[in-house]
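Residues or ranges marked as transmembrane segment in TrEMBL: B:30-48, B:68-95, B:107-124, B:130-150, B:162-181, B:201-228, B:274-294, B:301-322, B:334-354, B:366-386, B:406-431, B:452-473 (among others). Look at TrEMBL and you will find B:128-416 tagged as domain 'NADH:quinone oxidoreductase/Mrp antiporter transmembrane'.
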């Protein structure tokens, strides 16, 4: 299972890099979304996908049966953060498009006001 | 166990939340914001005296025993940084009142500054590597808001790039944390420091250490990851720039210093060697930039990069002199960078431009301002007895005691280039034929100049009274060099 997840994470990272290298701002934002999904899945996988019981004390369950609860807590935090950042980025992109009249990164180089 | 370590983090958070309730009431905004920073400063001072008398303070949230709960740890190093970042924020706030503009003040400027402070102080205090990520995100979120605040065209353009770079480095941070967790099974820094020496797979840990160096290097603007910094920092107004220059990169530097002294010490022959080489390259790259531009903002921005290199070189030596020098220089650099940005800000207001070639002859109309600038410039370059000197002296000494004497030579040589880059501003702006300047009334000028001058005076005091501060600095260095002090304080609680 870990192998399958690793391949999926790799594909996500690959797609993210491809999208972030494009000129269009909206593609870049989708790329950052995929990048953080990849990172979150990596976090989950790195905790180990084993464990058959929820990490709650119960009859007949030993510590070795528990699924690791920590990566899930970490991912929850990371998802909230990346959600907030992505929505901020979308608003910023829209505002920048309104003000600057373009979403093409080639035209956003910005070297005219200093040498 | 006392909750004192949390106060410098929680107080600005509460004040920022209060400030968001009445964004349009200008006077209330100013008063409450300054009250918030003063309260934070007071709590930081109390914390400082507590750490000084009782040693490292550790709090575990929710009273979960470490390493299961999230630890907040305040040792001398972190409390000194909390203290200096709070002082810098206070003076930048005083400076922003006359310069930032009513429109910005009424659109959540002060809450954003206080949220930034929450993130910065939290990142300095936390004892958990994932919590460090969370606090860095808090300060980044506030910095996104500040960098685009006002919505001018260059700001929008540059903040897109700033945002993108930081999102990528955050994703790398999460990945690095994931790898670290899978190898060690813990994220508490003290617990990591216990577990990492027991792990035999040094190779994979070295990879993780380098990955963390990349992550923090993005924030700290080390070579070759500093490419985003000159453009992004150029866009926002001067008060925000001063805040960023003094605080944001320093969080990255702090994170490198903490992780590379506390637990990534299993393969110093590779990691710290790499750090030393990168530090020297950072200095050289910064010098090229600082000398290449005729724009006062750019010159000081590139000086941030140089300072990052100097500090990291000191820490890479891992000996008492180098580490203490780094700590001293870090504190000095926070204060002096803020002061220089504010001084340059006044300069651009007076001339109406930031281009050096359009300036000249200011010494006749503003003599006192000119001499203050010269003192700050000498302080930056490290001319004794000003504040840059003791830190740089110790770092250079650390390099000679260690194996990197060539690095010390580079630092000594580049000090002259740093001096040249800032004295060039002095020569162009204050000497020569007077050019037409914008007339600003005396009261407005003083409201900008007084906080700046006090900040410069503080750096002079830090340098001239170095003997007074050295006990605290060596205390801080002691904890960095003996991780057992830190570990015991957290795990024996």
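Every residue, even glycine, has its Cβ placed from backbone N, Cα and C.
Per-stretch counts of Cβ pairs under 8 Å to the transmembrane segment (B:301-322) identify B:406-431 as the leading one among B:68-95, B:130-150, B:334-354, B:366-386, B:406-431.
If you look at the transmembrane segment (B:366-386) against the transmembrane segment (B:30-48), you find fewer than three C-beta pairs under 8 angstroms, all six or more positions apart, and that falls short of contact. Ranked by number of Cβ pairs under 8 Å to the transmembrane segment (B:406-431), the listed stretches B:30-48, B:107-124, B:334-354, B:452-473 are led by B:334-354.
For the transmembrane segment (B:334-354), same-chain residues at least 6 beyond its ends with a Cβ under 8 Å from one of its own Cβ atoms are 81, 84-85, 87-88, 91-92, 95, 99, 238-239, 241-243, 245-247, 250, 295-297, 300, 303-304, 307, 362, 366, 369, 372-373, 376-377, 379-380, 387-388, 422, 425, 429, 435, 437-438, 440, 445, 448-449, 451-452, 455-456, 458-459, 462.
Counted over residue pairs 6 or more apart, the CB atoms of the transmembrane segment (B:274-294) and the transmembrane segment (B:201-228) come under 8 Å in at least three pairs, which marks the two as touching. A contact between the transmembrane segment (B:68-95) and the transmembrane segment (B:452-473) is present, since 3 or more of their C-beta pairs, 6 or more residues apart, lie under 8 Å.
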